[in-house]
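Q: Let me give you the structure first, and then I'll get to my questions.
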Amino acid sequence: MIPDLSVNFAGIKLKNPVLTASGTFGYGYELADLIPLKRLGGVVTKTVTLEPRAGNLQPRIAEVASGILNSIGLQNIGVRAFIEEPLEKLNKIGVPVIVSVAGVAVGEYVEIVKILSSQNGVSAIELNLSCPNLKKKIVCHDLPLMRDVIRGVKKVSRVPVIAKLSPLVTDISELALTAQNAGADGVTLTNTYPAMAVDIRTFKPKLSTVKGGMSGACIKPMSVRCVYDAYQDIKIPIIGCGGIMMGEDAVEFILAGATAVSVGSSSLVSPGNLIAIIDGIEDILKEKNIKSVKKIIGGINKVRNA
């Protein structure tokens, strides 16, 4: 028996639940010579902004125990250049394309999505709500602002809108519920965790910005908990993200309530891990004689309530 790995995420049909995570896979098409991109459930692009950004100064990435610390600074070519080349190349892959976008104000988010909505080949928008606004405050930490961003984008978007949320909150369920009530069609849980590291040889921070975002295996239990908590309270689907290194990790997120998963650090270390994760999910379903991955979404709740 070959299990059915297909899922429906907010109306988007995915052949399997494994997506790339924004920020570690370029725009998506660059690795076509390394792995069969057609096998992926979908591609989430690196974050696109209204105007090009050079990003932060080097060093902006550092390896730490069981993870990666980064502060890239949203380096990208800007939305207009993105639709000229990367989007066109992505559309040739044949998988859903989810475009990650970020801005410093409501109007900027709306303008980016307006431009993207005029193009074919965009399956969904992922709002990076963990970046600073004009007041240097994380967007999703300002609930009224987050509501305004989501509502504004929903008015102009022709495709589903997914809110990617920061884990640095007291109650992730409240944050996810706020996103849902503002009109989000799904949420991604979670973005990186704030962290820093110091080089004891130079007595300097390992990143030029001092602090950055932690990703990798070390954050998985915390991100799984975020997915589980949010799943109890929201009705919109969840993309689980954070520390997925193998098929077993992906299944953990799905059992906790994720409909799909996005893989970041693991694909940065070895792009082929994406394919191994897809195969790993299939192997676990075969072993358990489960016909469809859809049957295990939120499965831990069914076991607890049995």
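Cβ atoms here come from the backbone N, Cα and C positions, even for glycine.
Since the structure is predicted, the reported quantities are computational estimates derived from the model, not experimental observations.
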Q: Taking Asn8, Asn120, Asn128 as the options, which does Swiss-Prot list with Lys46, Asn70, Ser71, Ile72, Gly73, Leu74, Asn191, Thr192 at the substrate site?
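A: Answer, per Swiss-Prot (substrate site with Lys46, Asn70, Ser71, Ile72, Gly73, Leu74, Asn191, Thr192), from Asn8, Asn120, Asn128: Asn128.
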Q: From the candidates Gly103, Gly186, Gly216, give the one listed by Swiss-Prot for the same FMN site as Ser22, Lys46, Thr47, Asn128, Lys164, Gly242, Gly243, Gly264, Ser265.
A: Gly216
Q: Taking Ser22, Thr47, Thr192 as the binding-site residues to compare, which has the smallest set of other Cβ atoms within 10 Å?
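A: Among the binding-site residues Ser22, Thr47, Thr192, the lowest count of other Cβ atoms within 10 Å belongs to Thr47.
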Q: Of Ser71, Asn128, Thr192, which binding-site residues are close to Thr47 (FMN binding site), meaning a Cα within 10 Å of its Cα?
A: Asn128
Q: Among the binding-site residues Ser71, Asn128, point out the residue whose Cβ has the most other Cβ atoms within 10 Å, with all shown protein chains included in the count.
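A: Result of the Cβ crowding comparison: Asn128.
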Q: Between Gly264 (FMN binding site) and Thr192 (substrate binding site), how many Å separate their Cα atoms?
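A: Rounded to a whole number, the Cα-Cα distance is 10 Å.
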Q: Return one of helix, strand or coil for Asn128 (substrate binding site), based on DSSP.
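A: Looking at the DSSP assignment, Asn128 (substrate binding site) belongs to a strand.
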